[in-house]
Amino acid sequence: MRGLTLLSLAFLGVCSALTVPHSLVHPRDLEIRHGGIEGRITNGNLASEGQVPYIVGVSLNSNGNWWWCGGSIIGHTWVLTAAHCTAGADEASLYYGAVNYNEPAFRHTVSSENFIRYPHYVGLDHDLALIKTPHVDFYSLVNKIELPSLDDRYNSYENNWVQAAGWGAIYDGSNVVEDLRVVDLKVISVAECQAYYGTDTASENTICVETPDGKATCQGDSGGPLVTKEGDKLIGITSFVSAYGCQVGGPAGFTRVTKYLEWIKEETGIYY
């Protein structure tokens, strides 16, 4: 089994400091370098206005320390994101209808009392959380993404083409203008992901994609959506990448949404 290292938010120099092969990290926890491509979906394409109406930028705060994640609108009052994004946060500001995250259509701020993490979340497993929001009306720039149906809960999505989206890096005390990017990726088998990261990390609760030509999710994309190209269903939540960097070719890992459809239904009443 491959080694596993889980890094803290304050960790720096991740690519040079690790010696364990095929370690991984939450994208939230990678070092941020201003001015480089590390802060966004790597080697993706700029999103057009209204192309990804279901994504929200999520700016989280803990005692004045800020970090950036993504999330997906699944209902008028619900956003789905990664549990590791909400860990330790006192509040979250949600940016709706934005291509440039400094220019959202509107914004809501909610306290941590509105966070519902999956009860068995630990480290890398069960990495999902709900955020209860004020009511949001849908239109061309702001809309929900549908979950897979309960009948589709056993679909592996292996070899399906999917799309990830995100803005990228959190910022260190400065307002860096970032534009929303998208990238098309292909789902690989759980066995392929386990061969790279080990079975403790890439469990049946994980869905992985290959990252050819440096195309991948990266820091700041945590919690963002992975959506099927055919049918537009939310099947993954950005969770982890190789700790050696986003462009080294290691699989990118997402929380497998179909494993949690019943829990989401119980908490929100949303199901298909």
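Any Cβ shown, glycine's included, is placed from N, Cα and C.
What Swiss-Prot lists as signal peptide is 1-17.
What Swiss-Prot lists as domain 'Peptidase S1' is 41-269.
Sequence annotations record features per position, and here Swiss-Prot assigns disulfide bond to Cys69-Cys85 (among others). Cys69 (disulfide bond) carries a strand DSSP state (E or B).
Taken from Swiss-Prot, the feature active site, charge relay system covers His84 (among others), and the record attributes it to similarity to another entry.
Under DSSP, Asp127 (active site, charge relay system) is assigned to coil, being neither helix nor strand in the three-state scheme. As annotated by Swiss-Prot, active site, charge relay system applies to Asp127 (among others).
A 10 Å cutoff on Cβ-Cβ distances gives Cys193 (disulfide bond) a total of 24 other Cβ atoms nearby, all chains included. Under the heading disulfide bond, Swiss-Prot lists Cys193-Cys208 (among others).
The disulfide bond annotation in Swiss-Prot covers Cys218-Cys246 (among others).
Residues or ranges marked as active site, charge relay system by Swiss-Prot: Ser222 (among others). Following the DSSP three-state reduction, the secondary structure of Ser222 (active site, charge relay system) is coil.
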Model confidence for the domain 'Peptidase S1' (41-269), as mean pLDDT, reads 90
Cys193 (disulfide bond) to Asp127 (active site, charge relay system), Cα to Cα, whole Å, comes out at 17
Cβ neighbour count (10 Å, all chains) around Cys208 (disulfide bond) is 28
